[in-house]
Every structure is written in structure tokens, then in C-alpha cells.
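Shown next, in C-alpha cells, is the structure this report addresses.
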Amino acid sequence: MMTIKTTNLGFPRLGRKREWKKAIEGYWNKNINKEALDKQLEVLHRDNLKLQSSYNLDSVPVGDFSLYDNLLDTALLFNIIPERFQGREIDDDLLFDIARGNKEHVASALIKWFNTNYHYIVPEWDNVVPKLNHNTLLERYRFALSLGINAHPVIVGPITFVALSKGGTSSFEEKVRQLIPLYTEVFHSLIQEGAELIQVDEPILVTDQAEVLKDITHEVYEAFNDAKVADKLIIQTYFEAADVKFLNGLPVKGLGLDFVHDRGNNLKQILAGDLSGDKTLFAGVIDGRNVWAADVALKQQLIEKLSEHVEDLYINPSSSLLLVPVSLEDETLDEQIKDGLSFATEKLGELEALKNLFNNNNATQFNKLKSKYETFQNQSFKNLEYNYNIPDQRSSTFEVRKVLQQQRWNLPDLPTTTIGSFPQSKEVRQYRADWKNHRITDEVYKQFLKDEIKRWIDIQEEIGLDVLVHGEFERNDMVEFFGEKLQGFLVTKYGWVQSYGSRAVKPPIIYGDVKWTHPLTIDETVYAQGLTNKPVKGMLTGPVTILNWSFERVDIPREVVQNQIALAINEEVLALEKAGIKIIQVDEPALREGLPLRSEFHKDYLDKAVHSFKLATSSVADDTQIHTHMCYSQFGQIIHAIYDLDADVISIETSRSHGDLIQDFEDINYNLGIGLGVYDIHSPRIPTEAEVTNAIERALKQIDRSLFWVNPDCGLKTRKEEEVKEALKVLVTSTQKIRNQ
Ligand code: GLN
Ligand code: ZN
């Protein structure tokens, strides 16, 4: 039996207690200076490297650590700086401004990284002069070496980098060609420093696009070969199967393949002999995107099979561990469930156990993990039930509903509303934490929520919004909140995962059958409605999003879980309606994100997603208005499914993707209510009246006025109160002016 090696593709930068987030936000808020920030991040980076190295990895990734996002790092490295930010010194402040926007300029677009809830910053090519800036990757690599750590640099590859960028007049191929010498120089510098392996992430090669990118991919890696750097490169893919035969034909040292999310197709190709024996294989055998402990016995078999086909075999997580929480160690969970779980750190332990089994004939760790896994499997948290006989179709068409809804509310032309959340101020978060930790009584907490809701109902009335919201002050997060209240979910204490920039979410873990047992949102919503004559919109998260932003069991069909959640949300929708809340928003921001990377799997996914949304929302009366909301994705491919949701109104983010979206809606003649976000809520910048007016007028050229709503891009929870008030005033005033024209 051969020996195997272990490696990793990336580690969460967040820190066990979100130290990374705290340091960076501390700097943004001017609580610490740059020197202190650098110091704190260096400690974190060092700890990350040392922790990974303590699991005896043969190579630890370096270059995955970042101040914001790896794609943005790469853009800065190669001087792909948005035109409006050009001319400044290339430093961390510039990086933050591009990512977040500043007083003068809007931020770059933020898009979900493949089918995950991680968001990257979209590089912009307009009028750029690619060149190599300060070599931050080399610097990070040297840092690892200085700690005595066996490391390999990680960088997003040229094909993926260009595929995920926008702007510029040059063609895809021209852009890639401009980058070749720059990548070559970086590779050279790393090799000179001693790098034996360089992980070049090319996940774009598992998507539909891969086919048309074959020629240029070939050209690029041949060029790296001519420059004598290719023999150190591992082309790393993940999230789906790759075309192994094609990749095998490239003159590189090896390939990284995902054996967890490949639907069996990578393995099939390996068994068919598509990978030549002299290539190094980075085999993603441990699930890098989910929190369940590995079935190590099954992994053992997989590794045995693989080892018959390659000589140089590394085993590693299927993708960067950025997508899972850091460690189970701080969690106080039911031991029975804890046995079944494995976060980033524990996954490294799984790799170590497998390595010791193969290389040292030492099965101690392996047997321990095996028996834990079996214990968990023997519990019965599930019976896979989801009987239902509720409609998945509204009883009347939109045309009929629209008239009844308009009669009921008599809303003005171009109604204004928000997406749901208002600022989660320090005070709000403090009260919630105090209440959770039993430092204040239920009464005190409830009273605080009431006061805050009332304050914001008054603010909304004063600003002149038409459809109000209660503000979501009782919610930590739009999925975790439901996870805490629905049966079948568990919520961790420190299970944070980076979503974008310094934002982290704590996905709940679905460990058993999902059920609605009591109302989730009635108290706050009904209280808010009692304070105003304007309609208050109920606010729920939809089944597709709850599932996508949770860690679901991998041994239960997704659609079963999804429909169970849909039934639970349906109960809540009906409870709200019964309590007099007749405008109800069911958010589905993750609908696009869950879309499989290969189009052959789209229909199945979308049919099931639409079905579950409709199960959740179709039982209401005709004059109850169902809203939905989506954001930060490329909607083009799912536009028909969005239409099929049959929501009376959709509010959708557009300003951050700079308005590219309207065309998609026009193309399919979308004729349901629609609110296109008219200001970017991720930027502290207040939009001007001209900007908002422009956005509305631009949209009205293409969208029927009687269907159009005016709203921000997304929830306002991350903004400061003053910013929100100012921005919403601008939004309402601009709308009123257009109404009066
Ligand atoms: N209703 C949610 C909010 O306003 C929606 C958040 C989201 O789209 N991600 O916060
Ligand atoms: Zn949103």
C-alpha cells in the first residue's frame, strides 16, 4: 500500500470567536489604528497556520487568509482596480474602499461565489493597466516559511479570475493573455522561494462555461509550461465534477478534484483511467461544505480505489473550509448530536486519522471516529415524513388578485417600502444578548422590543413610507431565528461562517424532522400593525433559503427537508393572515445560490424550489399580498423560476449590480409586481435624489408603472440609524416627485 499525504485548500479566517471580524470592524470604526489591526491579524494568521500544521498536514495552504476577499486580493495584486478608485496608493485602505464604497464612490459589485453563500468582489476591467503590484502572496508565503511551516501558496487561477470579472473592452482571451506574464512572475517568485506546490483554484472549470473555455485554458497552461512554472501547479477544482481527461492533458503537476459534490462523476473518470498515474492528485474526500462527521470507513474505501490509479496522492477537504465553522470545541451541544458533527478543525482530524491508518497502520483515531459516526447514525432523529394536502397554487390569477389587493389597500402610484430589517444597533444587540444570557427578564426584553418597534413605526410614518415593517429587532439572522424556533433545528454558539467581508452568519443545523409547533413572528408583527393605519408587512424566510443557509443532513433527500420547511412556513403564513396581517413577505435570497453549477441539473432543482415556495405561500386569500425578496446574485438563469413563484410583488437588489438586471425581467415580459432596489444598502453612502430618481426613471422605461414599487436593495440591519433615515427620506422624496410629474 502506498503512503498518502494530507493537505488543505483553505481555512476559515474568521477565528474561533470571530476575532478577525472584530479586528477589521474595530479598524473601520476607528477604535484601533492600522498598526494594531496588522498586529491582530498577524496573530490570527499565525494561529491558523499553526493549528493546521498541528494536524500533521503535509502542506498547509497560504494565501487563503485575506483582509476581505481572495478575488479582491488577486485583483489588487494584478492592478485590476476599478476606474473610479485608480490613482491611489495600493494599500489596505484602498482594498476596503473598493469592497465597501466610500463617500465619493460606490463599491464594486458583490456576487455569490458559485453555489455558496460566500460573496466575492467582482473585479472591474474598465480602463485598467494590468501589472504586478506589491506581491502580497509572496509575503504571506514567506510568513508561513518563517514559522517553519510546510506551506503551499493558493491563488485564484487566471481563467476563473477573468470569468468572474466584468467590464473592459478587451475580449476574454485578451484579458487572460494580459495576465499570463503577471501570474508567471508571481509563480516564479514563489518557486524561487521554495514552493513545490502551488494551488491554482479554477472552479470555473466545473461549470457549463468550461466547455467554451477549453482553448484558452489550454493556451494559458501551455504558456506557464513554456515559462517553466507549470510543473509546480495544481489545478484545483471543486463543487462539481470536472472534465478529468481534458485537465489531464494540461502540462501541470496535478489536479484537485472534489469527490464529495461530484455526483460520483469524478470517481467514475478516475476509475476509467482518465487521470495519468504520474499526475499528483489532490483528492477532496472530506466534505468541505457541510458540518457532518465523515463516514471514515467509506472514505477509506474511496482512498483505496484512488490509490490504485495515482502515485502521488494527497487527501484533503473537497473545497476550502472557509464554508464551515472553525471548531466544535467551544460548543455545548447534546453529546449525541455532537458525535455526528465535524467543523473545520475536526475535519483536519479526520484527515489525520485516515493518514495514520494508511501510512502507519495506526487505527486508533480512525476507530474512534468510526464508532462515533455509527453511534450517531443509530439515533433516530428522522422519519422523513411530510404528508400534506395544501395547495401549491393560488386560487386566482395575479390579474384578479391585483385588483382585490388594490381595493383593500388603496396604495399610491409607485408604493414605497423596505425589505424588512432596520438597524441592529449596539443597543439592540446588547438587549438580545442580555436576554439570551438571562441577564434581563422576558418582560424587560419584550418591552424593549416594543419600544424599538414603535420608534421605527413612527419613523417610517414620518418619512412617509407606504408599506411598513416591524424592523426584525428580535432576529439575529433571517435563518438562525427560524432555526431557533422550528423543531428539528439546532443552533450553535460559535458556528460562524463568513458571508461577505466582515459579515458572518451562523447557519443552523438541521438534524431531524422539521415541524412548526408554535407561532414564530405573530407577536411583534401584530403589535406593529396595532400602531399604524398603514399596512405592516409580515416578514418570513422561505423554505429554499432556510434550507440553503442551514447545514442539512446529507443522508436525507433535500426535497424532503425543503418541503417539511415549506409546510412549517405555511403554518406561519396562515397564522399571520388570521391575525390580520395581509401583506406577507417570504424572502428567498438564496434561490439563485442553490442552483447547480451544471445546467443539466437546473430543472430538477428549480421545479422543487418553486414547488416548495408555493406550498409555503399559496393557501392565502386572494386579497392577501405575497411579497418575496432576492439579492446579490445573477438572476438571468432563474428568471423563469422567479416568475413561476407567482409572488404578487418581488423586491430585488439592483443597485449593487449596477442595474444590469432590468433587462432580464423585460425579456420575459415579467408582469407581476416588482420593486427594483434603488439604493445600495451595503455602502455607508447616502444616495442623492438624482441617483434615486434616475434609477426609478430608468426602470420605468422598461417596467409597467402600475407594477412598480420603490425600495432599497436589501435589509437595512447593517446600517446606522442616521444613514437609514437620510437614505429613506431621499427615496420617498424622489418617488413623490416622480408621482407628481
Ligand atoms: N428581510 C430580510 C432583511 O431585511 C432580508 C435579508 C436578505 O435578503 N438577506 O434583513
Ligand atoms: Zn436581500
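The backbone N, Cα and C atoms fix where each Cβ goes, and this holds for glycine too.
Not measured: the values here are computed from a predicted model.
Of the residues Asp258, Asp262, Asp587, TrEMBL puts just one in the L-homocysteine site with Ile419, Gly420, Ser421: Asp587. Site annotation (TrEMBL): 5-methyltetrahydropteroyltri-L-glutamate is bound by Lys21, Asn117, and the candidate from Trp516, Trp549 recorded at this site is Trp549. Counting only the Cα atoms, the space from Asn117 (5-methyltetrahydropteroyltri-L-glutamate binding site) to Glu472 (L-methionine binding site) is about 21 angstrom. Across the residues the record lists as binding L-methionine (Ile419, Gly420, Ser421, Glu472, Asp587), the two Cα atoms farthest apart are 13 Å from each other. Taking Ser421, Glu472, Asp587 as the binding-site residues under consideration, the smallest Cα distance to Trp549 (5-methyltetrahydropteroyltri-L-glutamate binding site) is found for Asp587. Cα separation, Ser421 (L-homocysteine binding site) to Glu472 (L-methionine binding site), rounded: 5 Å. Of all the recorded positions in the list Ile419, Gly420, Asp587, His682, the shortest Cα-Cα distance to Lys21 (5-methyltetrahydropteroyltri-L-glutamate binding site) is found for His682.
In the three-state DSSP scheme, Ile419 (L-homocysteine binding site) falls into the coil class. All chains included, 23 other C-beta atoms sit within 10 angstroms of the C-beta of Ser421 (L-homocysteine binding site).
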